[in-house]
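Among the features that TrEMBL reports, topological domain 'Lumenal' is placed at 1-11, 53-64, 135-177. The transmembrane segment annotation in TrEMBL covers 71-91, 111-139, 183-201. Summarising the annotation, TrEMBL assigns topological domain 'Cytoplasmic' to 87-113, 199-218. Feature annotation from TrEMBL assigns S-adenosyl-L-methionine binding site to Ala118, Ile119, Gly120, Glu200, Gly201.
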Amino acid sequence: MDAFSSVVNTSATSLYVSILSIAFNPTAWNIVAQNGEQLSSFSLTPINTCFCVAEYRNKTITRMFGGNARYGCYFLAIMIFSFGMIRDHLYQRALSDQPRVPMLPAPYDTLVPTVMFAIGQLFVVTSTWALGVTGTFLGDYFGILMDHRVQGFPFNVLRDPMYVGSTMCFAATALWYERPAGLLITTYVYIVYLIALRFEGPFTDMIYSKRASAKKSL
């Protein structure tokens, strides 16, 4: 126990605030999702999925913008991006309150996190560029569907490059500041992403499957 407390300050409030900020999204949108129909099976879904399932069922956000689905999607994009910025800030605050413990020898202590962060950002930025705003921020839940599946880089390298890239950035930050607690938080983030993928993937597939069936029936 002493060894653990020497690398992780469990008494730091900022640690739990960071963890809660990561968990806030699924909790908040799960409440909003009660507006949806037949959502009991989504009671543990993450933020984007729960909120957008409610949108998909009831068009709640779209109605807020006078029936303009694109404006609704842009609003959701701003919300997701803003909460992501707050989450990242709280993560860095948490790291500053944690013990600093060298984890890699020089020069790898700076080289590894730099390369890892650069690759992670590359995956995130190129994913956003390839998908566009509506493709990145779940426009399909608003009925804004892409004409075809994106198969170019980075999707020809990874199935979920945005989630992988984001996780890499969390880990790189922990290594850069030499905070072992950051690696524990990174593991938690990755678990949250895995849960998200369990629900987002199948639901998105269902939306596109319904469109394909509708086209065949014409």
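Note that Cβ sites are derived from N, Cα and C of the backbone, with glycine treated the same way.
Counting other CB atoms no more than 10 Å from each candidate's CB, the binding-site residues Ala118, Ile119 peak at Ile119. For the topological domain 'Lumenal' (1-11), the DSSP-based tally of helix, strand and coil residues reads 4 helix, 0 strand, 7 coil. In sequence order, Val164, Gly165, Ser166, Thr167, Met168, Cys169, Ala172 constitute the residues six or more apart from Gly120 (S-adenosyl-L-methionine binding site) in its chain with CB-CB distances below 8 Å. For the topological domain 'Lumenal' (1-11), the residues of the chain that approach it from at least six positions outside its boundaries are 97-99, 101, 180-181, 184, judged by C-beta separation under 8 angstroms.
Mapped onto DSSP classes, the topological domain 'Cytoplasmic' (87-113) shows 16 helix, 0 strand, 11 coil.
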